[in-house]
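Annotation source TrEMBL lists coiled coil at 187-265. Annotation comment: TrEMBL describes 68-78 as compositional bias 'Polar residues'. For 345-358, the entry in TrEMBL reads compositional bias 'Low complexity'. Residues or ranges marked as domain 'Bromo' by TrEMBL: 122-194. The region 'Disordered' annotation in TrEMBL covers 66-106, 341-386.
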Amino acid sequence: MSVHVKEEPVLVPNCDVENTELAVFNGNGESELENFGTCVDEITDRVNQLEQKVVEVEHFYSTKDGAAQTNTSKSNSGGKKIAISQPNNSKGNSAGKEKSKGKHVSSPDLMRQFATMFRQIAQHKWAWPFLEPVDVKGLGLHDYYKVIEKPMDLGTIKKKMESSEYSNVREIYADVRLVFKNAMRYNEEKEDVYVMAESLLEKFEEKWLLIMPKLVEEEKKQVDEEAEKHANKQLTMEAAQAEMARDLSNELYEIDLQLEKLRESVVQRCRKLSTQEKKGLSAALGRLSPEDLSKALKMVSESNPSFPAGAPEVELDIDVQTDVTLWRLKVFVQEALKTANKSSGGTNAQNNNNTGTGEINKNNAKRRREISDAINKASIKRAKKA
C-alpha cells in the first residue's frame, strides 16, 4: 500500500508531531478541560456500573441452562473480577425437604397403602425375630457387625415411618428387604431364622408388585411436573435476562449519544490545527509502521465512509479532513511514534539477527520513502501551479 498525502506546500523546519504539545483549547483551557474531565468521569462511572450487568447477562447465556449461581468472571484483559450474583435457591427448606430434593415423594395415599402392606408383614406369625434390633451381646454374636454392615429391623422401620423420616415408599422397601437379607446372610440356610426371613421376603415382594403400577405412575407424573416447573423457571429467567439486555442496550446507546455530544462540544472549542501542524502531521504519517498507518487510515474512513482505507494505494488530502479527524490523527501519531521510539533499540538489535524480519524492515523503509516522495511531489506540483 502506498499513501499520497496532499497538503499546502509550506516549508517549516523542525515541525515534528512527536514533540508538539497538545494544546487543544482556546481561552480558559484549564477550566474547560476540567469540565470535560468531570463529564468523562461521570460517564466512566456509569459504564462501570453497567459493566457488571453486561457480564452477568453474558454469563447467563454462556452457561448450559442458566443455572442460578454466584461466580467470578474476568471482565477485561486486565483481569478485574466481577461477582455475578444470580438468584439462589431458598435456604429455608426443612431437613426432610432437603433430603427428598430431586427424588420422588410418594403421595399420602401410596404411603398408607404401603403401611397396610408393612403391617401385614410385621403381624405375620414368623415376623417376631425381626421386630426388634438383634441382641448381639445377649446372644453372643461377636462377629455380627463384621458380617452385617448395616443392621435393620422392622421396629426401627415402624418408628421411622411414624416420624415421617421416609419421603417415598422405595426407601421403606429397601429397608424392609435389608431386614430379611441381613438375616439370610448371617444365618445358615438350614436354620429357622433363615427360612422365616426367606419366606417373609417372598411374601413382601409379592405385595410390593401390587403397588408398583401406582408408584410408577406417580413417579412419571412428578418427573413431568418437575420438568415443566424447571422449564417455566428457565423461561422466567430468560425473560428477565432479555429485559436486562434490552435495558443495557438502551443505556449504552444513551452513553454513545452523550459521548458524541461531548466530542462535538470539544471540537467546537478546539482550535484548528495550524498549517505548520498539518505539515508535521503529514510528515509523521510517513514514519508510521504499516500496522499503525492502517489504523490511522481507518480513523479517516470513520469520518469519511467513502475513503478507501483498505485500497492498495490511497490519496489522503489533509486539508479536507474534519477537525475531529485531524486531532485524532495528531494524538494517535504522537503516541504511536513515542511507543515505536521506546522499543526501537531492542527491536532493531534483534532484527539484525533475523533475516525474515530484516526483509520486513526493508519493505517498511521502501514504503516510507514512497510516502515521502509522494508528499514532495505533491508539494512541488502545487508550488508550480502557484
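Count begins at 1; order follows the chain as displayed.
Note that Cβ sites are derived from N, Cα and C of the backbone, with glycine treated the same way.
Summarised as a single figure, the pLDDT of the coiled coil (187-265) averages 89. Here the domain 'Bromo' (122-194) is broken down by DSSP into helix, strand and coil counts: 42 helix, 0 strand, 31 coil.
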